[in-house]
Amino acid sequence: MVDTNGVHFIIDAFSCDDQILNDANLLENILKKAVSDLGMVMLSSRFHTFSPQGVTGVIVLSTSHISIHTWPEHRYASIDLYTCGNPNWPVLNELLLTLKAEKAHVYEISRGNEHISSPAWKEISLTANSTQDDIKKKVIEIKEKQGNDWDKLQLKEILEDKHQIYHSESTPFQDILLLEVNDLRLYLNQELQFSSLDERHYHEALVYPVMENAKKHERVLILGGGDGLALREVLKYPDVLHVDLVDIDRKIIELAKTNPKLLVLNMGSFHDERVSVHTEDAKKFIDRKQEPYDVIFIDFPDPADPIISSLYTKEVFKQITNLLEQDGVLVCQSGSPEDTPTVYWSIAKTLESAGLFTRGYVSVVPSFGLWGFHLASRLDLRSIKFNISVPHRALKDDTSYLFKLPDKLVSMQKNAFINSKDSLELHNHYLRELKIMY
């Protein structure tokens, strides 16, 4: 029985050579070579030249087809390839280079399987001197199953305009994209992590309230934060003697340590001798670590799936609490209280179930809107400090305004629940609330 599975490529090729695009014989030979290089069997071929310009052509293959339609006056070609075989990307890249395309948008669609994922969108930037390795590094995919709709829409618009890609890589844990438009932006799984224009509004709000309310800062633990930006703020405190930073993805740490743009932004924080980096699962780290910390940062991603949701459980928070000094303080990033208020308050309730007092606060981060955090400690947090004792740029000197929560948000506290290993629901509420919002 013939397998129904296949891959459908729809390719928009821009800034091609207009003379090539108007030569039907040449285009037929170019596509025939691609077919041969792909190891496909050609059944028939038909190409037609339009007046005054433009070519359309199709080659029927034993298991598929390939077609091209050109608009020489716009230096644009549309290419359609369906194959039941295994397409070889270098061959398609060579085809684009032969057309002298400077840029291409590729829509890759799996066909014939009811359980397939949504189409993937890619951009390829090409020059006359591009090598296959160069091309591979420049491939960007917009995956419909990743990220939120707003970030994906924004990212597509960015890729359509002038931009500079500094790093693009898929790791076993996530897709990493570092690019520059008017600002430096980091995307993980197509979700914006920071913009250099306003990241300090997030990182100063994450760091200063907990550091100012801790009795001491000798030992600090950061769970997450692989870009080194929270670490940058922590290291401003002169009495910090040791920082353990735990991030599961070695590649994001390497990027933060070596990329010149990121190094400027994080002020080379990973190269400070007080810092020890642990590239491992946070759960495994807290399982074995015994020596307590004065300050702990929980800077995990939003609980968008069961894996991340499992980091925001009563059980994990209890383990983290066991690593906190008796008079220590921790902070947990808690997502957008406007978009996901139930998630925001449920993180607090789950922290409290681990034996901690909590105090919620928010900060406006222009790229994200209102963002939420929770201080947590074994000590009562009703009376806290609102000063900042280190140099800062984004927050006001008196941070009391961060703790004035909107009345509407306070009213949503009644919907909070405890997220636990046996009742793992935080991700479901997160996705449900986002769906309502957008």
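The backbone N, Cα and C atoms fix where each Cβ goes, glycine too.
Just so you know, TrEMBL annotations never went through curation; they're auto-generated.
Note that the coordinates shown come from a computational prediction; the quantities given were computed from them, not determined experimentally.
Lifted from TrEMBL, the feature list:
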type	residues	note
ACT_SITE	Ser64	active site, schiff-base intermediate with substrate
ACT_SITE	His69	active site, proton acceptor
ACT_SITE	Cys84	active site, proton donor
ACT_SITE	Asp299	active site, proton acceptor
BINDING	Gln174, Asp247, Asp281, Ala282, Pro306	S-methyl-5'-thioadenosine binding site
BINDING	His203, Asp227	spermidine binding site
DOMAIN	148-378	domain 'PABS'
MOD_RES	Ser64	pyruvic acid (Ser)
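Asp281 (S-methyl-5'-thioadenosine binding site) falls outside any helix or strand according to DSSP and counts as coil. Cβ neighbour counts within 10 Å, taken over all protein chains shown, single out Asp299 as the most crowded of the recorded positions Asp281, Asp299. Taking Cβ-Cβ distances under 8 Å and a sequence gap of 6 or more within the same chain, the neighbours of His69 (active site, proton acceptor) are Gly54, Val55, Thr56, Ala77, Ser78.
His203 (spermidine binding site) falls within a helical segment according to DSSP. For the recorded site, Ser64 (active site, schiff-base intermediate with substrate), the DSSP three-state label reads coil. Considering only the residues assigned to S-methyl-5'-thioadenosine binding, Gln174, Asp247, Asp281, Ala282, Pro306, the longest pairwise Cα distance works out to 18 Å.
If you compare Cα positions, Gln174 (S-methyl-5'-thioadenosine binding site) sits closest to Asp227 out of the recorded positions Ser64, His203, Asp227, Asp299. Per Cα geometry, Asp299 is the residue among the recorded positions Ser64, Ala282, Asp299, Pro306 nearest to His203 (spermidine binding site). When the recorded positions Ser64, Asp281, Ala282, Asp299, Pro306 are compared by Cα distance to Asp227 (spermidine binding site), the shortest distance belongs to Asp299.
Each residue in the domain 'PABS' (148-378) has a pLDDT score, and their mean in this model is 93.
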